[in-house]
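Here is the structure we will look at.
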Amino acid sequence: MKLYEYEGKEIARKYGIETPRGILATSVEDVDKAYRELNTGTVVLKSQVLVGGRGLAGGVKKASNLEEALTKARELFSMSIKGERVEKILVEEAVCISRELYMSLTVDRATRKLVYLASGMGGVEIEELARKHPDKILRIPVDPFIGYSGYMARHALGFLGLQWDKLGQLDNIMRAMYKIMIDYDAELVEFNPLAYTCDGRLTALDAKIIIDDNSLYRHPDLQPLYGRDATPYEKVAKQLDFNYVELDGDIGVISNGAGLTMATMDSILHYGGRPANFLDIGGGATRERVREAVKIVVTHPRVKAVLVNIFGGITRCDEVASGIVEALSETKVAKPIVVRMLGTNEEEGRRILIEHGITVYTEMDEAVLRIIQLVRGVG
């Protein structure tokens, strides 16, 4: 679960990490009040969205006077960034920046440890930095039996090229990041940029914290926030009790069982396609459940074609086939659909699909290759 920047900064301040003075605004009138209260001349207006890339999308603006702040606030409140409307703006004092650094603590799934990532090139996406300048990133693994230790700050200090008198500040920040990570069951604590200000302070100009959804039972204060970062399709799927996650591809995926669904996605990637989602209908899915699953996937604007991969154990293939046909009849969406079907009542399921002009395969690889051809407009 992602937290907004202002929420991440509230947590950071609670643990002693310095952030710029700021006030949250939900209207232009609030921006007016915030500007007057900050009484600082130049301010930064930062749209509060849970998607990335807001800076490139124009979601962060500077203003040097009240009139300019109100004009730019109106612009921000009228924006949508990657489909998410801007409903909150963090109005912050502008900070004189000497250098922009990067600092995060995250989970290294390969080593099954927490790892600090530090770089002297802050303000850019860490994925882009890792791709273009991997030598500019310092990795400091954390022994789970020891936790944070002061040598980590000394190591980072030298790599970042900071003066020795900044060790205390950096140590406090890294120690606090570790405490936040543990106390909140976080998957990521990131300050990008972590600014080295003109007067020699280390200040978190941005804060990104992601909480492990599975830990929310331990955090009742965070439970009301769960699901707010879901897309409209994910919200519908949640209401219907589907395991559904949106991805960036264009091939819709529906299968039964998490293992088979992931294997289907892996196969699509292996042959050069890009899955648009993960949707597991579960075992013993009824015609009605299949119908609703297909409707979610086939109506998504990014999906160009749909692959349904079913192994019929307690799931009956004829029920699946009937659900597919009903969904296509109700939605009237003309997108290619390919089905791989094997197992209980397979023959009846194949008959139903073939009668309605839907291609059916027995082998998964054949079905995957066919759906990729259809997406590419081949055959």
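Glycine is treated like the rest: Cβ placed from N, Cα and C.
Summary of the site annotation: Swiss-Prot records ATP binding at G53, R54, G55, E92, V95, E100. Screening the candidates K46, K61 against this entry identifies K46 as the one listed for that site. Of the residues N256, N277, N345, Swiss-Prot places N256 in the same substrate site as G313, I314, T315. Spatially close to G55 (ATP binding site) yet at least six residues away along the chain is no residue at all, judged by Cβ distances under 8 angstroms. For the binding-site residues shown (E92, E100, D206), fewest C-beta neighbours within 10 angstroms: E100.
Just so you know, the Cβ of R54 (ATP binding site) picks up 22 other Cβ atoms within 10 Å once every protein chain is counted.
For I314 (substrate binding site), the nearest of the binding-site residues K46, G53, E92, N192 in terms of C-alpha separation is G53. In this entry, N256, G313, I314, T315 make up the residues listed for substrate, with the farthest two CA atoms of the set 10 Å from each other. Across the residues the record lists as binding ATP (K46, G53, R54, G55, E92, V95, E100), the two Cα atoms farthest apart are 21 Å from each other.
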